[in-house]
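Trainee: Mind having a look at this structure? Questions to follow.
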Ligand SMILES: NC(=O)CC[C@H](N)C(=O)O
């Protein structure tokens, strides 16, 4: 079945539809991971985004419940160069096509993803529409231009869990090869703004019993659990648009040790009084080089973000700890006297390299 992808700049790509049929709008972004498409699809930070994979063959190992990063597919749409027809893997119980169909998410294959990505790199991430229903170019471009975009939008409230819960799924099927597992001796409250489950697996692995609370929780609700430490999760949308979350973080700083990842890092920056801005085309992939400024070691990292904390706006008692070597943007910060630190990238990988898993150990040690 024919499908079209139209961008707000007027470009139209024609390919074949897979997954669900229908129409979807979103910010079109690209991810440079060679594998890990299921983790990408189920990462809630991609809410409102149509993701294209730069790797040309996607779907070859199918999908499996073990690789879920949340309860469902979260991307608005999915773009690949070539969809594998016959997946082959003993862990797989569904094809990528069947997985997207069951999740009612539209995909397109057979378009020139290199041309698309070059366009996004030159002009920046763009709004777009993916459709198997409307195939009229002018109408599609008009609809793409009407999409409101990511800036100023609170998408967190769409993906937070409805109520608090305890993480009972341990460290999952494969995580024990990565970090030696420890008995649970620390109690952590994880504030969930759209959290990837591998963060919960990694926290469990280093010896934390984790209570998850919705990202809309107040500081009092968080502190009522009397945790040894507080974790701030990743999540979708513009960090500056979630004032309630910034206020909660402000009220938690100095009360307990805090560790933040991605949106959690951006919220910490904003709570410290720094500013965030939108990157031209963001960082999404499993091959982003980062330098740890404290050890001068290089980590190859998994990333998924479109916004960034401006280091020149940090107060003097908050220092940069990690820098992205592709564009020198801020990738980590810490307070000079309080037990508070965060990273912009994803030390939980899922999928990606495990170079940065030491950060979970650092958090546990920080709790005493
Ligand atoms: N993975 C994340 O937490 C993303 C944070 C934020 N939504 C961004 O795009 O920058």
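Even glycines carry a Cβ here, placed using N, Cα and C.
Worth saying up front: this structure is predicted, and the values here are computed from it rather than measured.
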Trainee: Can you tell which of 33, 45 TrEMBL lists as binding L-glutamine with 235, 237, 263, 266, 304, 306, 307?
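Mentor: Site partner of 235, 237, 263, 266, 304, 306, 307 for L-glutamine, according to TrEMBL: 45.
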Trainee: For residue 45 (L-glutamine binding site), name the DSSP secondary structure in the helix/strand/coil scheme.
Mentor: helix
Trainee: Taking the residues 45, 235, 237, 263, 266, 304, 306, 307 listed for L-glutamine, what is the greatest CA to CA distance in Å, to the nearest whole number?
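Mentor: Across 45, 235, 237, 263, 266, 304, 306, 307, the two farthest Cα atoms sit 13 Å apart.
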Trainee: Can you grab the distance from residue 237 (L-glutamine binding site) over to residue 262 (active site, nucleophile)? Cα atoms, rounded to a whole Å.
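Mentor: Residue 262 (active site, nucleophile) has its Cα 11 Å from the Cα of residue 237 (L-glutamine binding site).
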Trainee: Hey, does DSSP put residue 263 (L-glutamine binding site) in a helix, a strand, or just coil?
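Mentor: Going by the DSSP assignment, residue 263 (L-glutamine binding site) falls within a helical segment, counted as helix.
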Trainee: Expressed to the nearest Å, what is the distance separating residue 348 (active site) and residue 262 (active site, nucleophile) at their Cα atoms?
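Mentor: Computed Cα spacing between residue 348 (active site) and residue 262 (active site, nucleophile) is 11 Å.
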